[in-house]
Each structure stands twice: as C-alpha cells, then as structure tokens.
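Down below is the structure, laid out as structure tokens.
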Amino acid sequence: MTSFASKTFCRVEKLCHYLPVVLNTFLVFSITGEVSYLVMVEAPLEADQKKTVWSTRWKTAHLISQYSMLVNICWNALLFVKTSPSIKGVFLGGENVGQGWRYCYTCETHTPPCSHCYDCKVCVLRRDHHCVFFGQCVGFRNYRYLSCLLFMWTGLLYATLMNAEVFIVILKEGVTVHSILLLLIPWIMLISGQVSARAFAFAFIADTCVVGFLLVSAFFFFHLFLMRGQTTREWYSSRRPYSLGVLGNLYHTLGLRWYICWLCPLIPSPLPGDGISFRVTGSLEPPH
C-alpha cells in the first residue's frame, strides 16, 4: 500500500512538474493561431481593401513578424530547459577545495559558491530562482535564454493590439452586464449558454493576451532591473548589488556577444568561465 501510494505521488509530482510547460505551450500557440486568423480573415476591416495589393503585403509583413517572434520564443524556451545550470560537470581537483566552497549534504559533494534547489534536487551556479513556468532553475548557464521574455513581451503587446478589434466588437453596444461578464468570466458565459463557442474563444484569448502581457511585463522589467548585478534571491534578502558596471553586468549575464545574442538564440555568446574548471585553490584554470 505504501509502495503504491509512493508511486502514485511520484507520478502526480512529475505531472505537476510538466503541467505549466504544457499549459504555456498551449496558450502561446492558441494566441498565435487566433492572431493569424485575425490577420488573414478579419483584417483589414474595410471590405474594399481585403483583396488589394496593399492588403496582401500588410498580411505578409504581419505574419512574418508574428512567426519570427514565435520561433524565437520557442527556441529560447527549449534551450533554456535543455541547458542545465547545475554544478554537474564541475571538476574537483586535489584533496582540498578552494575558498568559498562548502559541503552540500543533500548532493553529498563539495560545491563552489552556489545554492541548492530542492525542486531540481541539485546545487545551481548563481541561482536566481526556480521558474515554475518552465520547471527549471534560472542560473549562470541559462540566464541568457530569458531573452524569450523580450519576445514574449513584444508578442503579447502585438497580440493585445490586434485583439483591440475583439474588445470593440464586444463593447460596440455599450458597457452592459453581458459584455462585462463575457470579458471577465467567459467560461461561465459559455457553460450557461449565453454565448457561442466562437465568441467565447475570442473573448478568452483576448483576456489571456491582456493578463499575459501584464504578467510578462512585470517579469521582463524586473529582470532588466536585476541586471544591475543582483539575483532574485539577493533582491528578496535585501543584499546589495555586486555591480561590475553596465557593460560588465551585461557580459556576465548574456555573455561576450551580449549586444547581439538576444536577436537569435543560435548566436554563440560565451560566458565568463565557459570551458574552465574549478581547482583546489578556488581559482579558475583552463582544463588540461
């Protein structure tokens, strides 16, 4: 009985670990599909402009911009999840350890200055926080892939502006109880049979765009603020920032090519300390 309960708990825990990732993926592609529909079918609003050369070029430019943002979001998110920020692979040489190292009783090994994550069950270099939306810790090696926040913020701003038409249609007869309830609780309106599935889908995605934009804006501008030389944990504990100057902070956060790496996740941007090992003196030396 105990074994069955333990296995069930592990399965539920694993499901909960991946559920936010699946939900985020579903919402991102749902918003993309809805905005694509608005661009291809609904816009422009004037019937005499729908089949003009201007309309075709307008739609092409919108679709290229839209799917470029989608590719960047998905690629950055994938690399963020696949890049482990843990101490796995850090080389320990000699019998002693360097200054600032400690023994982690959970990992049962000596570790460089880092923090243990009980969700990832490993020590993480320069741990910022555990991101529940991706099920992964934000740390030294994968921080640069938070560039997806930039494209998520831009994409949600774009989607919110495109969904302005939806809000106009819903509120065209005035601010009524029906229109307010449709915007605030579309699920209840659908279940009670007050609106069609099509109206629900548009209202739900429009609401998701607005709420998502506000949420991502908070995360995006907060992490821009932290680039002064501070992690989320240090900010929460009121520790003073360890600033290396604007350029130094960008270099230690985004890597050598900080000025261009955010444009595409495939652009290599080596971080300070890449390809080196921690030695017994605590200094950084190239591996032999």
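From the backbone N, Cα and C atoms, a Cβ is placed for every residue, glycine too.
Keep in mind that this is a model prediction, so the values were computed, not measured.
According to TrEMBL, the feature domain 'Palmitoyltransferase DHHC' maps to 101-237. Taken from TrEMBL, the feature transmembrane segment applies to 21-40, 60-81, 143-161, 167-188, 200-222.
The stretches the transmembrane segment (21-40) and the transmembrane segment (167-188) do not meet in space: the count of Cβ pairs below 8 angstroms, excluding pairs fewer than 6 apart in sequence, stays at fewer than three. Per-residue confidence over the domain 'Palmitoyltransferase DHHC' (101-237) averages 87 (mean pLDDT, predicted model). The helix, strand and coil residue counts that DSSP assigns across the domain 'Palmitoyltransferase DHHC' (101-237) are 76 helix, 20 strand, 41 coil.
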